[in-house]
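Can you keep this structure in mind? I'll have questions shortly.
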Amino acid sequence: MPLTRLIVQQFRNIKACDMPLSTGFNFIIGPNGSGKTSVLEAIYMLGHGRSFKSSLTGRIIQNECQELFVHGRFLNSDQFEIPIGINKQRDGSTEVRIGGQSGQKLAQLAEVLPLQLIHPEGFELLTDGPKFRRAFIDWGVFHSQPQFYEAWGRFKRFSKQRNALLKTARSYKELSYWDKDLALLAEQIDQWRATYVEQMQPLAEEMCRAFLPEFEIKLGYYRGWERETAYGELLQRNFERDQNLGYTFSGPNKADLRIKVNNTPVEDVLSRGQLKLMMCALRLAQGQHLAQLTGKQCIYLIDDFASELDSVRRKRLADCLKQTKAQVFVSSITESQIADMIDENGKMFHVEHGTIEQV
Ligand SMILES: Nc1ncnc2c1ncn2[C@@H]1O[C@H](COP(=O)(O)OP(=O)(O)OP(=O)(O)O)[C@@H](O)[C@H]1O
Ligand SMILES: [Mg+2]
């Protein structure tokens, strides 16, 4: 659901800006340190309630200021403009307003503003631990399965309780009552994730082929424990091991999206530019799959569009983004690097020392 207006105040080096947006391409152009990433960070905060760069709000609020604001308007499915906003204070408090109502939850921001971020430090999706790929899967499940958010929250709470019980239990009997509920939740979460990966996998592999035709790329879902065993049974069988460890070792908290390139782990095969292309392919595929499945179009944030990419690959990414018909924010140091994407519907903004002007 696209944003039609963005107002950012006291956010990093941006004192105040008010941007009328295109529902197609929005280009953010400026030199190093001017505030391009900060604009994308502000939009990300509007959709996630947090930054992708820092977990410390104090670093994001403008120096010498007490609070930051990000406001905007988005088009809902009936094409009505709905106001949305987030305010964060130095003491850590957060206030979210949607449609004029205060006290909204962060998950509601995520629900109305599905975002896909592609930025130069985003390779962790491919090269780091399963946590990043689990988040990737769960983004899709969150947006396509309304009960997931609550169920996952409950699973995490129950797991914590179980880990506390493990430390004091003298026999498995003391856990078996709790494990029934935990097992039910785990099986449900696994089923949602498995279905989601199965549905989006063909599109993701096709997109990977389009971006990296020289490689054979395969995705596979790992649910966090062996396939043949019911979760309840596994909990009972591993009781002693879990007790020695002090926590529940296997489960949906270990799930992963396993990615193989020519049958080898990704980071051993791909160059940095190729990693970026693969990340773009996966994120675009996920966004497009969501649009096909639910009609919800996500917003793409692409920071430092040109980095790592040669002109042929830039053009490929630009063409692919155009085909999505989604709202796209692209940052770049020069206009020439984004020349392939400029069209009559796009809007261009120049950023200089935190001041943003539409061109
Ligand atoms: N809390 C803050 N208050 C004021 N200024 C800040 C704060 N945090 C960061 N800055 C400054 O804001 C600017 C933010 O730059 P940003 O990362 O948005 O630049 P950029 O245009 O993306 O640059 P690059 O092309 O190098 O990626 C930097 O100059 C930084 O020093
Ligand atoms: Mg930047």
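Here, residue 1 is simply the first one shown, and the rest follow in order.
Cβ atoms here come from the backbone N, Cα and C positions, even for glycine.
Curation plays no part in TrEMBL annotations; they are all automatic predictions.
Below, the features straight out of TrEMBL:
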- Gly30, Pro31, Asn32, Gly33, Ser34, Gly35, Lys36, Thr37: ATP binding site (BINDING)
- 3-356: domain 'RecF/RecN/SMC N-terminal' (DOMAIN)
Of the binding-site residues Gly30, Pro31, Asn32, Gly33, Ser34, Thr37, which ones put their CB under 6 Å from ligand 2?
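By the Cβ criterion, which requires under 6 Å to ligand 2, the hits are Thr37.
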Looking at the binding-site residues Gly33, Gly35, which sits with the largest number of other Cβ atoms within 10 Å of its Cβ?
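Of the binding-site residues Gly33, Gly35, the highest Cβ count within 10 Å belongs to Gly35.
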Note down the number of other Cβ atoms within 10 Å of the Cβ of Ser34 (ATP binding site), including every protein chain shown.
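A count of 22.
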Hey, what's the Cβ neighbour count for Gly30 (ATP binding site) at 10 Å?
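Around the Cβ of Gly30 (ATP binding site), 22 other Cβ atoms lie within 10 Å.
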Mean pLDDT across the domain 'RecF/RecN/SMC N-terminal' (3-356), rounded to an integer, is what?
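Over the domain 'RecF/RecN/SMC N-terminal' (3-356), the predicted model scores a mean pLDDT of 95.
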Going by DSSP, is Thr37 (ATP binding site) sitting in a helix, a strand, or coil?
helix
Among Asn32, Thr37, all listed as binding-site residues, which has the most CB atoms within 10 Å of its CB?
Thr37
What count of other C-beta atoms do you get within 10 angstroms of the C-beta of Pro31 (ATP binding site), across all chains shown?
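A count of 13.
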Once the chains shown are all counted, how many other Cβ atoms turn up within 10 Å of the Cβ of Lys36 (ATP binding site)?
25
